[in-house]
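Participant: Got a structure here, written out as structure tokens. Questions coming.
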């Protein structure tokens, strides 16, 4: 059985309270009969009762309880009780709501009830109005095919002499009930019905009524039902009523807050509507649609539109006039017009082609990078002669942290143009570039049209960051969509899917950035002018730290100039031990950590000035990440190669060894990529074919198994430039001769012994200087690259250029 106060638990066979209306004549007669005592405690009650399990709360004596019986078993039991002369049944609370009916799942106290009214329905359920009479305890409980039956002992309500204490407690219950009625009027009808049937001078009946009135937990109510002593029962009911009172107060408070909020919103709505009507009558405000159209027409006066765009906007405005504002199509049309009229059609910022000013801006924002700055100044000079720099698409390629993005900002500042940047990294949807068609819900233009809106001019500098990291998926290939945008012959009439009218992007200066070119599709790469940023050498990093990074870090950490001094030897230690990458991002992070350390010292009053020297670096920054690169000298079969990664230059110690074996063979280890494995195979074949020429045993490979290893084994490696180094390691191992001291080499080797050019000469020379090598072998074709390096990189180096491996051999083995 459930009632309106608790309907959270449902059971396939259950009994719930039905509607009982005291205004109904039949129901009123029943109530009157109960009041007149047609069923009273002195009636003879049967000693054996059919038991109906109740869920989720018990019934109480003296209460008229409407019930609905569902489920074949419960309906049969109810009908059997109705058909008996006494029309009585035992109502007992089940222990567990979700458990089926059983002997173990029943409490041992219940209420006997007499059926007062029966109503049959078409849904195989039966509605009863039951007058609950007296408590009983179960003496014996049995189960048969017909259901549960119990022999019971009744606990009749006895007339008590109402002493002052009981009367006081009864008045406390009545007072609490009155408070409940004042807070929640829903209780008033039930209290009125009770007063019509019972006397307030009966404390027992009063406590039962009060307990039944609450929404307490079923097990707690069962405990009250089982309390025979009226005085103890009153204590428990009073506690329950106080809780009910607090809940009712809280519910009332919440209801009032909600009503006040709703009322305030309604009041504000009505006032706004009245204000709108008053303004409309005074001519101070026009209808929303009219004002929207006037807004678009006002925008159009300041734009220079193409013929197609003008026609499209005019047609869309006429369409908007005919659409009701409540229509979903109205918002679609309005958003479309918003985009069309907010774009900078024909709006240009005036370019500044002053070369000296551009040079000052570039020098102010960046240290070094002379070749890059010269290329940008040349680019601006050409624009000055032509009168515009339309159709230009630059691609800045270099390691992370070398200033690619900031160079784009400097270009915009030098030209007096608006700068806008967005990242292409991880973009996998072609609609991100060309927009979504307006038929889709939530459609919007692509990133380029959004950028033009944000820039506010038709000739901004748009930076396409991380263009080498564009992806592809089933939603399309953004790199292919970029072909139209970055083609000077096509982007003058770029057609976004959302706008569906051509927009001129030919006056935009596109500046793309990338860490590498390998992942950029060839057609896209062909449309861009490549400018390489090789990275910074140690001396440049020192100067960048002194001029830019340290002053910026001081300001960002609330420190004054002179409070923190980082000596040059400390900066060198930081660069060598913590920030060897080509850029300065890690160097900046380490300087920030020093500033945070200083801020902590100052805030705790330990000192007011800090000077950081080389010996202090490890204490502040922790153990160095990079250790000194060890060069193995006088060891046959070990040669130092030069490598180039996206993080800058590095050295590789290539090792070769051989084991006497009847089964000749060759294997490589060290996580080598496909290209590097091919280079090792070429080196192996070349050495095998020229053993006699280099004074080695021509049958060496027939009698040995050869192993080539490139540490560190956990780091993946690839590229063709280690070919000459691998061949030299093999020859050194076979002949037993070590190479000369402090030697590094790089170059791609062919099967015929030709040495082909490689990339990253500057980065590799930086690595050479860092570990202290003095002799370097480079491909002859890279002579020009080496000669373009700054003097401080070339000095104190003995550089040999090789066009054939024989040149390498002569230098390596003296």
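Note that Cβ sites are derived from N, Cα and C of the backbone, with glycine treated the same way.
Note that the coordinates shown come from a computational prediction; the quantities given were computed from them, not determined experimentally.
Pulled the feature table from Swiss-Prot, pasting it below:
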type     : residues                               : note
REGION   : 1-28                                   : region 'Disordered'
COMPBIAS : 1-17                                   : compositional bias 'Basic and acidic residues'
DOMAIN   : 49-245                                 : domain 'Lon N-terminal'
BINDING  : 398, 399, 400, 401, 402, 403, 404, 405 : ATP binding site
DOMAIN   : 633-814                                : domain 'Lon proteolytic'
ACT_SITE : 721                                    : active site
ACT_SITE : 764                                    : active site
Participant: Beyond the listed site residues 398, 399, 400, 401, 402, 403, 404, 405, identify every same-chain residue whose Cβ lies within 8 Å of the center of their Cβ atoms for the ATP site.
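Facilitator: Not counting the recorded site residues, we get 396, 513, 515, 533, 535, 582, 583, 585.
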Participant: Quick check for the class: what is the C-alpha distance, in angstrom and rounded, between residue 404 (ATP binding site) and residue 764 (active site)?
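Facilitator: About 21 Å separate the Cα atoms of these two residues.
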Participant: What's the CA to CA span in angstrom from residue 403 (ATP binding site) over to residue 764 (active site)?
Facilitator: 20
Participant: If you draw a 10 Å sphere around the Cβ of residue 764 (active site), how many other Cβ atoms fall inside it, taking every protein chain shown into account?
Facilitator: 28
Participant: Is residue 405 (ATP binding site) helix, strand or coil when read with DSSP?
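Facilitator: The residue in question, residue 405 (ATP binding site), is helix (DSSP, three-state).
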Participant: Cα-Cα separation of residue 398 (ATP binding site) and residue 764 (active site), in Å?
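Facilitator: Checking the Cα atoms of residue 398 (ATP binding site) and residue 764 (active site) gives a distance of 14 Å.
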Participant: Does DSSP put residue 400 (ATP binding site) in a helix, in a strand, or in coil?
Facilitator: coil
Participant: Please give the average pLDDT for the domain 'Lon proteolytic' (633-814) in this predicted model.
Facilitator: 86
Participant: Cβ neighbours within 10 Å, counted over all protein chains: which one of the recorded positions 405, 721 has the most?
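Facilitator: Of 405, 721, the one with the most crowded Cβ is 721.
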Participant: Taking only same-chain residues 6+ apart in sequence, whose CB is under 8 Å from that of residue 401 (ATP binding site), what do you get?
Facilitator: 581, 582, 583, 584, 585, 586
